[in-house]
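Scroll down for the structure; my scribbles are underneath it.
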Amino acid sequence: MTIPTSISGFPRIGRDRELKKAIEAYWKGNATLDDVRETGRELRVRHWRLEKDAGIDLIPSNDFSLYDQMLDTAVLLNVIPARYRRLGFDNPEETLFAMARGYQGERGDVTALPMKKWFTTNYHYLVPEFDSSTEVRLNGTKPFDEYLEAKSLGIETKPVLIGPYTFLKLSRDAEAQELTIDEGLVDAVADVYAEVLRRFAKLGAQWVQLDEPYLVLDKHEGDVSLFKSLYSRLLPARDSGVRVLLNTYFGNIADIYETVKLFEFDGVGLDLIEGRDENLKAVEHHGVAARTTLFAGVVNGRNIWRNNYAESIALVEALQQVTANVAVASACSLLHVPFSTKGEEQLGDKVLRHFAFAVEKLEEVREIADLMQLDDDAKRQSTALAANQALFDGSRVVADEVVRARIAALADADYVRRPERGERQRLQREALGLPLLPTTTIGSFPQTKQVRAERARLRKGEISQGQYDEFIRRQIDDVVAKQEQIGLDVLVHGEFERNDMVEYFGQNLNGFLFTKNAWVQSYGTRCVKPPIIWGDVSRAQPITVAWSSYAQSRTAKPMKGMLTGPVTILNWSWPREDITHEEQTKQLALAIRDEVLDLEKAGIRIIQIDEAALREKLPLRESDWHREYLDWAIPAFRLVHSAVQPSTQIHTHMCYSEFNDIISDIDAMDADVISFEASRGDLVVLDAIHDAHFETEAGPGVYDIHSPRIPSVEETEERIGESLAKMDVNKVWINPDCGLKTRGNDETWPSLTHMVQAAKAMRANLD
């Protein structure tokens, strides 16, 4: 019996980030919208052919997006807030970009939709927003156009959409924020999906994939009935001849599997990486509907290590004990891994053979399915299976005994800072002499073409290290002078020497590997190139001390030392799979601790340890939060800073996340000051800070740096006022949402000037 193969989705940015380059050229006025459309078409065609040639049977379509798949779904359902409609753009792409980035120009001035992390990944989605004008209906033809585009090439695809349950659970109300999901809304949304199924049936589609990752979360009152209501109304549209694959990922659906089974979906996608044990038990206990094919998600779409074929085969065989209808699939979309290992030959074959990026994962899916066709004797004789097993026999790296000994010697006292925070705050106010509502930035300043060009010249050997260092010193001189000129209270050196907040540190730590082109989409056109944790981690030498010391010598104002924290380095790297995340984080924490103490010795009085990604990997089910994550992630941060003097002020920063539910754990990090990325979330974190009697001083971001908009002084004053209404004035800091690296100077300096003016005005009112 032939075993079908499937993937949930494929990276959309292109092997060389062609999509990013085309869209950004359009935004800068250097390309037309037709150029962007043509680039998109070329990428889709290239990827479909690649997937077909790799032997994938159920090839996805509509997994492509110019910005974000949730945003595309909102547009498809006509969930377009009135403020964007009023802009009156002639083409849907401009409206979509305004929703994603905001708009400031002759047509008006509107903020962007909120942006949040996509479950536990580093991908960000735009939050669909319902307002009083919303009329849910089918809008546009994107999914159908892309299906027909593939069909014209002779490629049959499986259209992919975000499912209605996930779409509604991740949406919000423009006014109340929490969306009221009443019967009328459920029916309207389900009817659109039913119409989509019928249209695809008329076009000849055999399968439609509905992604429902929200099913892996804890179920609250009304959740199961919502799922039932949606699918009871839309599934009869299958009668038109199309099959429906309910696809889940990022965890298990054990608590709703029995309900899912009753609907007799044509296919059910199960994550057998992150939800392995629970999903297997659910299938074994409840069985499988006769018409249902189980899509066994055995190829990891979230890490870059080679698949262990023997383990994957065992998982598929376990499902085959329950049903003969099994397909081999990716555990989630391959959106979250780089394009291909081709072009990374500098790593050497002995290293590279351990990695599989998106293209190689297509081959893994096909190869596992092929191996499943063999009998036991043929499997034992399979050279492919033997070659794969050789990757997992024995140890890949030699342990660093010095690092292991440091970890073994850690005691409880190493995780505790003295004295308590209240006493430290008093000492720090005396030492630093800052005003009420102190102003600062998160760390990075715009990296211009010139900065990137000089870094490239150094890499190519066209300039010496000394010439490059002199260039960086001039950049620091300039940014320090400008910060003083506009009146910021706590300064930063701008991070011009850093290509990336994680990769830069990895390049100065033992145990890391780096790629040339392994880019992954984070949001829109923003891409990241995570380093790879290959072996045990330790600090090779001081990393930031020289630049921070130089910057401090250029000003009498406090200069922040800027570091990336251990949990964020782990979460924004490709972590090892041969030792635990906890062990890797302790290694990183000790390395960054060494850097913190060296900065303090060099006279840096404020040290920021960014934990931008702390919330990102919080398990999706609350019962797992502490046991599987927070019980080691929070102490790891404390380990980094526990040995500094009481007068040294420790800052941290966190990016797009939901903080409300772990606000007490964040307080337990025992930082002195924390800045939150909050402006796109309407500062809802303020309620959590207030209700939890949050002790850490805090700076909820007062403007959104992911949008090119320049906020007015009045707008910023309003934001500050919202903070003051919920927080102790002595604990409020004023700062942007995030680092300014990706913005332009033309946006950055006016925005910061307005921020400082707003802070001074509010300060004067307090006096």
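Glycine residues also receive a Cβ, built from the backbone N, Cα and C atoms like all the rest.
Checking the candidates CYS527, CYS738 against Swiss-Prot: the one annotated together with HIS653, CYS655, GLU677 at the Zn(2+) site is CYS738.
Among ASP598, ASP610, ASP624, only ASP610 appears in Swiss-Prot as part of the L-homocysteine site alongside ILE442, GLY443, SER444, GLU495. Among the candidates LYS116, LYS117, LYS449, LYS726, the one that Swiss-Prot lists alongside ARG17, GLU18, LEU19, LYS20, ARG526, CYS527, TRP572, GLU616 as binding 5-methyltetrahydropteroyltri-L-glutamate is LYS117. The Cα atom of CYS527 (5-methyltetrahydropteroyltri-L-glutamate binding site) lies nearest to that of CYS738, taking the binding-site residues HIS653, GLU677, CYS738 as the candidates. A separation of roughly 11 Å, to the nearest angstrom, links the Cα atoms of ILE442 (L-methionine binding site) and CYS655 (Zn(2+) binding site). For the binding site of L-homocysteine, formed by ILE442, GLY443, SER444, GLU495, ASP610 according to the record, the largest Cα to Cα distance is 13 Å, rounded to a whole number.
DSSP assigns GLU616 (5-methyltetrahydropteroyltri-L-glutamate binding site) to a helix in the three-state reduction.
The Cβ neighbour count for SER444 (L-methionine binding site), using a 10 Å radius over every protein chain in view, is 21.
If you compare Cα positions, LYS117 (5-methyltetrahydropteroyltri-L-glutamate binding site) sits closest to GLU677 out of the binding-site residues SER444, GLU677, CYS738. Take the Cα of GLU495 (L-methionine binding site) and measure to each of the recorded positions GLU677, HIS706, CYS738: the nearest one is CYS738.
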